[in-house]
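The following features are taken from TrEMBL:
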{"type": "DISULFID", "residues": "32-240", "note": "disulfide bond"}
{"type": "DISULFID", "residues": "78-88", "note": "disulfide bond"}
{"type": "DISULFID", "residues": "93-100", "note": "disulfide bond"}
{"type": "DISULFID", "residues": "147-229", "note": "disulfide bond"}
{"type": "DISULFID", "residues": "152-212", "note": "disulfide bond"}
{"type": "DISULFID", "residues": "160-175", "note": "disulfide bond"}
{"type": "DISULFID", "residues": "179-188", "note": "disulfide bond"}
{"type": "DISULFID", "residues": "189-199", "note": "disulfide bond"}
{"type": "SIGNAL", "residues": "1-22", "note": "signal peptide"}
């Protein structure tokens with residue numbers, strides 16, 4: 001066994017050089033004037049945490065493994081109720097805890113999706129398809145013509161139509177998408193509207209697009225919101241940049 005160990009180490013080192021064992025470093029930072037509770041949800045592979053507390057000015061580094069496909073969002077106005085359940089006014093993952101294991105229900109919040117080392121490339125997309133709650137920016141470590149920063153930094157809560165606005169103690173805290181609010185085939189691009197030809201922008205999606213033209217706005221949006229980078233790219237994800 002001792003004679004085989006150097007060969008195993010050599011093979012592992014070779015695979016790492018080839019990028020098979022590569023990973024990306026995600027630095028998540030909070031520049032809001034209040035605490036944010038990030039959510040990390042994974043469809044493929046796993047990261048080390050599913051949710052945590054990030055106070056004003058704090059940052060946390062997460063290692064995203066090769067082939068990770070997941071999302072990051074931020075919860076706000078969170079607290080523990082009298083029964084010990086952890087609840088948030090926006091982005092609540094309904095786990096009753098700071099962590100967010102298990103299933104996930106879409107919420108009217110700002111999302112960023114990541115695919116790490118997917119056939120040799122990374123990609124990320126900021127999305128307000130389900131709504132908006134916080135300004136968000138993603139900055140890659142190695143920028144190029146295709147690998148650029150992406151953001152949605154305008155406070156959409158200030159321009160949100162009254163019928164989509166969520167408030168907390170009379171203060172705007174989130175703006176729901178029309179799909180999230182009404183769940184109709186036309187607003188959600190389902191059934192007869194499940195195609196690029198039939199799924200058209202609405203007065204609601206145009207409000208989001210004016211504010212955040214670099215974000216994904218609705219299901220068949222073609223504004224090229226997905227940013228591609230090399231699989232060696234790390235990222236800084238900033239709430240309230």
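Cβ coordinates come from backbone N, Cα and C, glycine included.
Note that TrEMBL annotation is computational and uncurated.
Shown on the structure are the features that TrEMBL records.
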residue	record	CB count, 10 Å
32	disulfide bond	19
78	disulfide bond	18
88	disulfide bond	22
93	disulfide bond	24
147	disulfide bond	18
152	disulfide bond	28
175	disulfide bond	28
179	disulfide bond	24
188	disulfide bond	19
229	disulfide bond	22
Set of same-chain residues at least 6 away whose C-beta sits under 8 angstroms from residue 199 (disulfide bond): 189, 193, 218, 219, 220
Can you tell me which of the disulfide-bonded residues 175, 179, 212, 229 is spatially closest to residue 78 (disulfide bond)? Compare CA atoms only. 175
Spatially closest candidate among 88, 100, 152, 179, the listed disulfide-bonded residues, to residue 240 (disulfide bond) (Cα to Cα): 152
Distance check, please: Cα of residue 152 (disulfide bond) against Cα of residue 175 (disulfide bond), rounded to an integer number of angstrom. 13
When distances run from the Cα of residue 93 (disulfide bond) to each of the disulfide-bonded residues 147, 175, 188, the nearest one: 175
Spatial neighbour of residue 147 (disulfide bond) that is closest, considering only the disulfide-bonded residues 32, 179, 188 and their CA atoms: 32
May I ask which of the disulfide-bonded residues 32, 88, 188, 212, 229 is closest to residue 175 (disulfide bond) if we compare their C-alpha atoms? 212
Can you name the residues of this chain that are 6 or more positions from residue 100 (disulfide bond) yet have a C-beta less than 8 Å from its C-beta? 39, 40, 41, 50, 51, 93
Alpha-carbon distance [residue 179 (disulfide bond); residue 212 (disulfide bond)] in Å: 18
Rounded inter-Cα distance in Å - residue 32 (disulfide bond), residue 229 (disulfide bond): 27
Long-range neighbours only, meaning 6 or more apart in sequence with Cβ under 8 Å: which ones does residue 160 (disulfide bond) have? 132, 172, 175, 207
